[in-house]
Amino acid sequence: MPVDSLVGKTPESSAGIHGWGAYVPVYRIPTREIARVWGWPDHQWKALDVYEKAVGGVDEDSTTMGVEAARNAIARARVDPASIGAVFFGSESKPYAVKPSATIIAEALGITPVTMASDLEFACRAASEGMRASIGLVASGVVGYTLVVGSDTAQASPGDVLEFSASSGAAAFVIGPSKGAAAVFESSFTYVTDTPDFWRRGLKPYPSHGEGFTGEPAYFHHIESAVKGLFEKTGLSPGDFDYAIFHQPNGKFPVKVAKKLGFTMEQVKPGLVTPFIGNTYNASALLGLVKVLDVAKPGDRILVAPFGSGAGSDAYSLIVTDAIEEAKPLAQPLEYYLKRRIEIDYGVYAKIRGKLVVRKL
């Protein structure tokens, strides 16, 4: 469908992505190193299809990474930061329990003081909530532009299976009117239930997971339901999309859910990120979207389906416009951050991520 004929046909089509950006820390720890330290057999960690994960430095947290990703998004959007009317920050690993990170990001980028700013919560789907809210704010004319940031320095208990994948990274998007957007939203659909698959209680450093709930009842059920709901709402089918991106808790799940929904590996592979940097939680599916936007061509149709434990999934259909070609070179692509790496061992990883606790005798 030509973009001009799309605009105004759905509520979502009045909004689009003007800028996108990524940030991934330079440090990497191979999953084989984690397995070596804890004695995991090869077949268990290799089954996850995660080769190494990104590790935030001692001076990096979800907010600092969010600022870096947002700078790239704003550079591509070519908008005055002061014109951004709302900032949404989605994270499971905020540096403060009580103090918004969205205001820190807004202040650092010159967006404050005349703006809305909120930290959102819905496990790995929090940033996607911000994207859905942004579509409504922009399409209704309440604000001209919004900034959506998904960023995490994901936690995992030492020796837990989550430690193979829980990683660090950030993605950001400037959402604005469809005119001039690099990609226009065609439609969206959300599906949520109360499912106890993954949680972290207050004052606890590491999350818990109900292993029997993490697969079919949570991840697969919710993503499949959201995507099928989008198909029913729009009349689209897998063959109508050039790219398909799903939340990536590991390298295995997104490929499996894609096949179950009828997508091919050719549609999925360009957006896979987790095998190379691990699961960046709120940035997981969104970094996949960044990776695809870095290479997409005008007229391409993109499906993206983030997921958050607890549990829920959104499904979006976007159509790329001619404006994408001018925006691409204005910031570093995700591939730059994927290739920029310093390998570390478990000792360095444990030290910089605060896993070592020293007690005085």
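Positions of Cβ are set from backbone N, Cα and C atoms, glycine also.
Taken from Swiss-Prot, the feature active site, proton donor/acceptor applies to E92, H247. Swiss-Prot lists C124 with the feature active site, acyl-thioester intermediate. Under the heading (3S)-3-hydroxy-3-methylglutaryl-CoA binding site, Swiss-Prot lists C124, S165, T214, H247, K256, N279, S309, citing sequence analysis as support. Residues or ranges marked as CoA binding site by Swiss-Prot on the basis of sequence analysis: K252.
When the recorded positions E92, S165, K256, S309 are screened for a Cα within 10 A of the Cα of H247 (active site, proton donor/acceptor), none qualifies. With S309 ((3S)-3-hydroxy-3-methylglutaryl-CoA binding site) as the anchor, the candidate recorded positions are E92, C124, K252, and the one with the nearest CA is C124. Cβ neighbour count for K256 ((3S)-3-hydroxy-3-methylglutaryl-CoA binding site) (all protein chains, 10 Å cutoff from its Cβ): 14.
Its Cβ taken as reference, C124 (active site, acyl-thioester intermediate) is surrounded by 32 other Cβ atoms within 10 Å in the chains shown. In the structure shown, the C-beta of H247 has more C-beta neighbours within 10 angstroms than that of any other entry among the recorded positions H247, K252. Nearest neighbour of E92 (active site, proton donor/acceptor) by Cα distance, taken over the recorded positions C124, S165, K252, K256, N279: C124. Cβ neighbour count for E92 (active site, proton donor/acceptor): 23 (other Cβ atoms within 10 Å of its Cβ, all protein chains included). Within the same chain, the residues at least 6 positions away from S165 ((3S)-3-hydroxy-3-methylglutaryl-CoA binding site) whose Cβ sits under 8 Å from its Cβ are T31, L48, V50, K53, A156, P249, N250, T274, G278, N279, listed in sequence order. According to DSSP, K256 ((3S)-3-hydroxy-3-methylglutaryl-CoA binding site) is assigned to a helical segment.
Note: the Cα of C124 (active site, acyl-thioester intermediate) and the Cα of K252 (CoA binding site) are spaced 17 Å from each other.
The Cβ of N279 ((3S)-3-hydroxy-3-methylglutaryl-CoA binding site) has 28 other Cβ atoms within 10 Å, all protein chains considered. The number of other CB atoms found within 10 A of the CB of S309 ((3S)-3-hydroxy-3-methylglutaryl-CoA binding site), across every protein chain shown, is 27.
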